[in-house]
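Trainee: The structure follows.
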Amino acid sequence: MKIGILTSGGDCPGLNAVIRGVVLKGTTTYGLEFVGIRDGWRGVVDADFFPLTRHEVKGLSKVGGTILGTSRTNPYEGPRGGAENIAKNLERHGIDGIIAIGGEGTLAAAKRLYDDGINVLGVPKTIDNDLRATDYSFGFDTAVNIATDAMDRLRTTGDSHQRCMVAEVMGRHVGWIALHSGMASGAHVICIPEVPMTIDEICTLVTSAYDRGRAPLVVVSEGFTLTGMEEAYSDKGLDAFNRPRLGGISEVLAPEIERITGIETRSTVLGHIQRGGSPSGFDRVLATRLGLHASDAIVDLAWGQMVAMRGTDIVRVPFAEALGELNTVPLSRYEEAAALFG
Ligand code: F6P
């Protein structure tokens, strides 16, 4: 059997480890043949394939980014898009199925193609940890480690100047990175999309930390909405992918905190640093295991499914179960962290 592998959507530490896991097990245990698909669904639509052997995946578990390249191409758009053309491309190159490594958007496209008769298997990817069918997604642990290291650094400079530091982390729809990095670094306030807060509530916590002799640390997810001040930053338009533009909530929060509390305040946006570089040990292992199990699933012809982590096991779940509602932070998890604020 010949299998194409693609990575699609935002990149994420661990993508290369998945590719290596799939190819190593698939070639040595099952005698499968692989081709890399360049730049996500773009490569499927344009038939942009290249041979992927053990040689190409050597030493990849520790390498950030993706050797395949990625894009946010929708396989149903454009003159060469659509299941019929894609099926022809695959047939012409003797490709029997595709492993699609990606997040919500990628998996939705994978499901649609599968429903249209194309053999697709999914592997979940998101630093935001927002896919509900997997307990953890690789990339998340790395992002939390990077953010935690950044918070620790912000705390020492904040302490030296007795300033309030506001750190903005990724998390378009969910607050997992903020929750975990905020807890890990002892933040005095964590602001996440799931839990609305007013500027006064935030300032009360900031002032209370300051009065206890601490330099307040506020961790905020990029997707957080400040109750009562939505208009101050929510109208930034759409990006090239029709998503609301995010980024900059910390730059709205910091001057407001300074104005209301009188405490000198600085903001930092961590941005794509959270997605770059080497995956953590945890993410290397998780991504590799997903890759190994993806190879098993191919041999079992388990198309239309996604490999996922449940507890410490890797399982298979149908695409339909993987899509839909996001894995948001439960209130109980937020309250655990909030018990440490005051
Ligand atoms: O989905 C992961 C994520 O990192 C989000 O947290 C963030 O909003 C988005 O990707 C940014 O993606 P890009 O800048 O690549 O479009």
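Using N, Cα and C of the backbone, Cβ positions are placed for all residues, glycine too.
According to TrEMBL, the protein carries these features:
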| type | residues | note |
| --- | --- | --- |
| ACT_SITE | Asp128 | active site, proton acceptor |
| BINDING | Gly10, Arg72, Thr73, Gly103, Glu104, Gly105, Thr106 | ATP binding site |
| BINDING | Glu104 | Mg(2+) binding site |
| BINDING | Thr126, Ile127, Asp128, Arg163, Met170, Gly171, Arg172, Glu222, Arg266, His272, Ile273, Gln274, Arg275 | substrate binding site |
| DOMAIN | 2-298 | domain 'Phosphofructokinase' |
| SITE | Gly105 | site 'Important for substrate specificity' |
Trainee: For Gly105 (ATP binding site), which of the recorded positions Asp128, Arg266, Ile273 has the nearest Cα in space?
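Mentor: Nearest by Cα distance to Gly105 (ATP binding site): Asp128.
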Trainee: Please give the greatest C-alpha separation between any two of the substrate-binding residues Thr126, Ile127, Asp128, Arg163, Met170, Gly171, Arg172, Glu222, Arg266, His272, Ile273, Gln274, Arg275, in angstrom, as a whole number.
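Mentor: Max Cα-Cα spread across the substrate binders: 33 Å.
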Trainee: So of Met170, Ile273, which of the binding-site residues has the fewest other Cβ atoms within 10 Å around its own Cβ?
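Mentor: Counting other Cβ atoms within 10 Å of each of the binding-site residues Met170, Ile273 gives the minimum at Ile273.
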Trainee: Neighbours of the ATP site Gly10, Arg72, Thr73, Gly103, Glu104, Gly105, Thr106: Cβ within 8 Å of the Cβ centroid, same chain, sequence order.
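Mentor: My list of surrounding residues reads Ser8, Gly9, Gly40, Gly102, Ala109.
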Trainee: Cα-Cα separation of Glu104 (ATP binding site) and Thr126 (substrate binding site), in Å?
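Mentor: Spelling it out, the Cα of Glu104 (ATP binding site) and the Cα of Thr126 (substrate binding site) are 8 Å apart.
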Trainee: I'd like the Cβ neighbour count for Gly103 (ATP binding site), meaning other Cβ atoms within 10 Å of its Cβ, all protein chains included.
Mentor: 20
Trainee: Can you give me the same-chain residues 6 or more apart in sequence from Asp128 (active site, proton acceptor) with a CB-CB distance under 8 Å?
Mentor: Gly103, Phe140, Met170, Gly171, Arg172, His173, Val174, Trp176, Ile177
Trainee: I need the nearest neighbour of Arg266 (substrate binding site) among the binding-site residues Gly10, Arg72, Thr73, Thr106, using C-alpha distances.
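Mentor: Comparing Cα positions, the candidate nearest Arg266 (substrate binding site) turns out to be Gly10.
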Trainee: Which secondary structure state does DSSP assign to Arg172 (substrate binding site), in the simple three-class scheme?
Mentor: coil
Trainee: Across the record's ATP-binding residues Gly10, Arg72, Thr73, Gly103, Glu104, Gly105, Thr106, the largest CA-CA distance in angstrom?
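Mentor: About 13 Å separates the two most distant Cα atoms.
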Trainee: Of the binding-site residues Gly10, Arg72, Thr73, Thr106, which sits closest to Ile273 (substrate binding site) by Cα distance?
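Mentor: Spatially nearest to Ile273 (substrate binding site) by Cα position is Gly10.
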Trainee: To the nearest whole angstrom, state the Cα distance for the pair Thr126 (substrate binding site) and Arg72 (ATP binding site).
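Mentor: Computed Cα spacing between Thr126 (substrate binding site) and Arg72 (ATP binding site) is 14 Å.
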